[in-house]
Each structure stands twice: as C-alpha cells, then as structure tokens.
Amino acid sequence: MEESKASGDFQYLSGFGNHLSSEALVGALPADQNSPLICPYGLYAEQISGTSFTTPRSHNLFSWFYRIKPSVTHEPFKARVPSNERLLSEFSQSNSTTNPTQLRWKPVEIPDSPTDFIDGLFTVCGSGSSFMRHGYAIHMYTANKSMDKCAFCNADGDFLIVPQQGKGTKVLSVTIFLNSSISYLESWLNNTGLVITTECGRLKVSPGEIAILPQGFRFTVNLPDGPSRGYVGEIFGTHFRLPDLGPIGANGLASPRDFLVPTAWYEDKFNPGYTIVQKFGGELFVAVQDFSPFNVVAWHGNYVPYKYDLNKFCPYNTVLFDHSDPSINTVLTAPSDKPGVALLDFVIFPPRWLVAEHTFRPPYYHRNCMSEFMGLVYGGYEAKVDGFLPGGASLHNCMTPHGPDTKSYEATIARGNNVGPSKITETMAFMFESCLIPRITPWALQSPFLDHDYYQCWIGLRSHFNQKSEVPNLQNNGE
C-alpha cells in the first residue's frame, strides 16, 4: 500500500510498516541500486538503521537518504550549556525514587520565559536504561516558542508524542465540563498543535493526533498556533508496532492505512551556526554545522517518522455483560521478550458506546502487575469526576490499588440495572502501560503541580454491605 494523502501544504504516504519511497525532485531516487558511484543530482547516499543489519527481514528497519550534504559534516559534539537536568534515560536509586502511592498531577503551566521543545521536556518516571537498550521513560513538555536554527536528535530511543494543548485548549477545558456546544471541540481539534520537520519531510500534528519519531532522526518542533503542552513516551532498544488482533480477526483497532508518513521535502541553503542537539544517555550534546539537516531530496525505506489520528481508532467493547480489559484499546505496543507482555503499550479511551447489562460500566477496581501512567488530552474521564484534568496525569504503580472515585461509583450504582445504552463523548484519555516498575523523578515528587489530595477521592467510599439483602438473580434481570 502506498497511497498519497494531502492535508493543506502537507503530503503524506499511508501505511504502517511499509517500504515506502518519496522524492521531491523527479529522478532523485537511484533506479537500480542503493549506493551508486554517483547519485542523481550529485546527491550523497546515506543509510539510517533502526535495527541491527542481521535482524530478521520481517522486523528489519532501515531507510536510504539521498541528501545534498551528509549528516557527518559537523564540528565535534560538546556538552550543551545550558543542559536540561530534568531529563533522564537511566533510572537508579541515585536519581529517582520508588513510590507505590497513587499519584496525580495537575496540568503544568506554560512557562513565561521563552522555552522550546528541547528545554520544555521533563521526565516524570521511567525504568531501565538507554545504555542497556531496555526500558522506557515518560516525559511531559511545555513550550511557547519554535526551535530556532537547531534540530533535535534522540539517540536513546523512539519518541511517541501526544500533543495536548494547542490554540483554544483553555476554552475547551471549560466548555467540555459545562456540556456546552461541541463547536469549541471541533475548532480546537482543527488547530495545528505542532509542525514537526524531519529528514523524511514534514508532519502537521494537532491535539488528538500522535507522532512517532524513531531513534536517531533529526527533527524540529515549530508552534504555528502558539504555546503547546503534551506528553512523550520513550522506549529504549525496541520500536512500536501494531498489536496482534487475536480473536478480533483481521480488522479493528488502529488500521494500518491510517498511519501517515511525510513525503520528501528539503532545504538547500547556507545556514552558518546551525546546531544539532543530540540526546545521548539522557544528556544533551551540541554540534555546529553550516547547513540545514533537512536536505534530503529523496528517500526510501521502512524506518520513518509517522503520525496517527486517534479519532480514526475503531474501538471494541463488550456487548452483553462485564467490562473489557483496557488492552482491547491498544493503539501501539512495544513488546518485551515475553509473549503478550509489553515493555510499553499505548492505550486510548476514546468516545464509544457503553451497552453492557447488569454491569458496573466504568473501569473496575483493580491491582495490576503492570504499571499505568494516564494522561487526558481533552474532555473528562469516566472514572474520575473531579481532579483529573486535560493536561494532567496520574501514575498507578505495580500492584497499587486504583479505580473509580467516590462520586463516579455512587453515581453509577444509583442508576441501577435498568440503565440503557449510553455514549461517552467529547473525551480522549490515554495510558502508557508497562511490565517494568517505573521510578519517579525528583521533579515529579517535588512539583508544585503534584496533587497531594489525590487519595481523598477514594476516602468517601463507604460500605454497602447488607447481609439481609436479597441476592440478585442476574440471569432473570431484564427479561
């Protein structure tokens, strides 16, 4: 599948995991080989590998670039000053803490001082090590300015970026909870949150969409609509893929054709003092060159950046009784070495119908061997009436109990068994779920946005036990 899709000035190829090709100048791609003695237009051939050379063909990731100057043309890397000390890619007792308490953060405010995507990144939690090529980190970001004369390169792992705030988001967060007109929602989702320029081309990524930037790609983040805020999941030593569908069959969840890859786009100009900022082992280094790194005239391969519109997700749910496990909502997964166990899953809770009979419809109370980090892009979340706000986050660590707050529980059981189908609308929550126990950064535990009263949302849960009450016969209910 290689389908071209247009969005304004942005052109995309569609399909997840396909070997694609694109050229900004006709004939820029060599016809019969990857590395001819002299490439068309005098370009340089350069390969980027996302896996080892000998990785089995079904999982081998690589792309060939045909560029005006090769990426090796720069001065030596030096430690960036100032660095970003809030970033981590290795988690240990010396730099992070374990904590089984349920944690929640209020939305982080956009800074007053000029801050781009690089300086606006901060790590909340994570596990493992980029040096050992196993683990993950969960970051958040706030930014109010575009990246200027610099590009970012993450040598540690893949970024999955979830923009949350773009133009108009503050209006949305109020109108959603007041059940006002959805015109605010429509206008908000149509705003551009980020324009991400990569070596393969440009991505326009709005809140409600995600972008995946694989390890090693150079990119810039521009803010055409003003300040932005969001979440970032980073994985070390592996890459995101579509989950297996099992008994669901061939169709459903995220469709491969809805993943969009940029088409070739290049800059050819003298640009003295241009800097490459490389994240390497969680530290930032900078190298100076005199040209834009976005000088790739043509490319082909399957190791590419891409984006996905979460509103195209086809959710599945129970149609008779009981609540499905959240794994049924997995968009992308980074598997571990154990079958069925994820290093990091990306799961969403989109608009959907609830139709289960005789069932407590919100997520049930549970303790999980996996650890769950949740964020809210817009709207509200069905299991938390108060306190969980767009731009906020929560962390429920391994085997820490969690579930609906008191208000959600009482409101649900008050409706009784005869409640009909209902639709959850105007919401987009997500979860990063991992088999590894995350350690929490000092910033996250000392943050002024940490909700110290989070535990109170469950304190009001009371006993409904009555040994004299009649045992319900669920088989006959509703007949």
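The backbone N, Cα and C atoms fix where each Cβ goes, and this holds for glycine too.
The annotation domain 'Homogentisate 1,2-dioxygenase N-terminal' is assigned in TrEMBL to 11-167 (among others).
Annotated domain 'Homogentisate 1,2-dioxygenase N-terminal' per TrEMBL: 193-310 (among others), in sequence order.
Residues annotated as domain 'Homogentisate 1,2-dioxygenase C-terminal' in TrEMBL: 312-465.
Per TrEMBL, active site, proton acceptor is recorded for H323. Under a cutoff of 8 A between CB atoms, and with a sequence separation of 6+ in the same chain, the neighbours of H323 (active site, proton acceptor) are A356, T359, F360, R361, P362, P363, Y364.
Taking a C-beta cut-off of under 8 Å and a sequence gap of six or more, E372 (Fe cation binding site) has these contacts in its own chain: L395, H396, H402, M431, F432, E433. For H366, E372, H402, the entry in TrEMBL reads Fe cation binding site.
Feature annotation from TrEMBL assigns homogentisate binding site to Y381, H402. In sequence order, F349, M374, F388, T427, A429 make up the list of same-chain residues 6 or more apart from Y381 (homogentisate binding site) whose Cβ falls under 8 Å from its Cβ.
Here the binding-site residues are H366, H402, and the one ringed by the most other CB atoms within 10 angstroms is H402.
Shown in sequence order, P363, R367, N368, H396, T400, P401, G403 are the same-chain residues outside H366, E372, H402 whose Cβ sits within 8 Å of the Cβ centre of the Fe cation site.
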